[in-house]
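Feature annotations, courtesy of Swiss-Prot:
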type	residues	note
TOPO_DOM	1-46	topological domain 'Extracellular'
CARBOHYD	8	N-linked glycosylation site
CARBOHYD	20	N-linked glycosylation site
TRANSMEM	47-73	transmembrane segment
TOPO_DOM	74-82	topological domain 'Cytoplasmic'
TRANSMEM	83-103	transmembrane segment
TOPO_DOM	104-118	topological domain 'Extracellular'
DISULFID	117-194	disulfide bond
TRANSMEM	119-140	transmembrane segment
TOPO_DOM	141-161	topological domain 'Cytoplasmic'
TRANSMEM	162-181	transmembrane segment
TOPO_DOM	182-206	topological domain 'Extracellular'
TRANSMEM	207-229	transmembrane segment
TOPO_DOM	230-249	topological domain 'Cytoplasmic'
TRANSMEM	250-269	transmembrane segment
TOPO_DOM	270-290	topological domain 'Extracellular'
TRANSMEM	291-311	transmembrane segment
TOPO_DOM	312-356	topological domain 'Cytoplasmic'
């Protein structure tokens, strides 16, 4: 073995010109699609959402409590629409109880654990499905009363009770997938969330899981509403009824407000990126997150707008509310109308006029 004499070598011979050596400090370029996606959130946006949630909570409690109070204080038998509106107000009140929890989760993340995640998610879904199913039932009731000028079916109160029970049962069934798969999750780079967890195939299974409930709990009732209210409007135009202008305002409000409040959220949540209609990137994921927040607020607002649309616009509701206030001494009886009827949904079985 040959011996190497290291005394004949210098560092420059071994490693070259160290002083003039250049180091490559540049990091390799990482594609945007491969980079970890950190959710973008601003504290000011979080607190703005919380303020809106509190506002919806207060308006929801006040408006729907008044609706329930006026219906229950009525001294005559309730009309069919009264029963539907009573159930609608109860559904909105149940949803209102979850708003403080959603407000806290916007700031702190989901800190309430899996059981409460399942419960509040269930109440939110039941409120949505029961709301649109009840509205579809109201549209069918108006359709029968005005287009066919008959109340023979809808005047049977026990049928109305069974219909409402069926709506609550169907809403619960449509909401079960959310209840089963929702849990508290701690994702990387963000706060804990309340979301569906179905393993490695969450995205594909979520599409399947949402397709059936959205079809029977959103699209079908919406088509029923559009069909019934469309024919109702045509009948009002052709008959030249005295109350048609008021009825048209309320009917347009029913359809337009529901579409404005819930259609954007369902479009963003259940199509687009989540249905892989557009390519998923980090930036688009954050954009979709912000869009979900904005459209979800619109959907939440619908729960407190219902009393304004289906009750406060109606003259009979105002008369009923004034009677209650006069009975408790809050206002003078001089303010009471002389010919106010107890039912706040002013429908008539003798003709097709309606003051919805």
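Cβ coordinates come from backbone N, Cα and C, glycine included.
The model shown is predicted, which means the values in this text are computed figures rather than measured ones.
In sequence order, 105, 110, 112, 117, 120, 121, 182, 183, 184, 185 are the residues of the chain that are 6 or more apart from residue 194 (disulfide bond) and have a CB within less than 8 Å of its CB. The recorded stretches the transmembrane segment (250-269) and the transmembrane segment (119-140) share 3+ CB pairs below 8 A when only pairs 6 or more apart in sequence are counted, and are therefore in contact.
For the topological domain 'Extracellular' (104-118), DSSP puts the residue distribution at 11 helix, 0 strand, 4 coil. Between the transmembrane segment (291-311) and the stretches 47-73, 83-103, 162-181, 207-229, the greatest number of Cβ pairs separated by less than 8 Å involves 47-73. When Cβ atoms from all protein chains are considered, those within 10 Å of residue 117 (disulfide bond) total 23, not counting its own. Long-range contacts of the transmembrane segment (119-140) within the same chain, counting only residues at least 6 positions beyond its ends with a Cβ under 8 Å from a Cβ of the stretch, are 81, 84-85, 87-88, 91-92, 94-95, 97-98, 101-102, 112, 163-164, 167-168, 170-172, 174-175, 178-179, 182, 194, 213, 217-218, 221-222, 224-225, 228-229, 232, 254, 258, 262, 299, 302-303, 306, 310. For the topological domain 'Extracellular' (104-118), the mean pLDDT of the prediction comes to 91.
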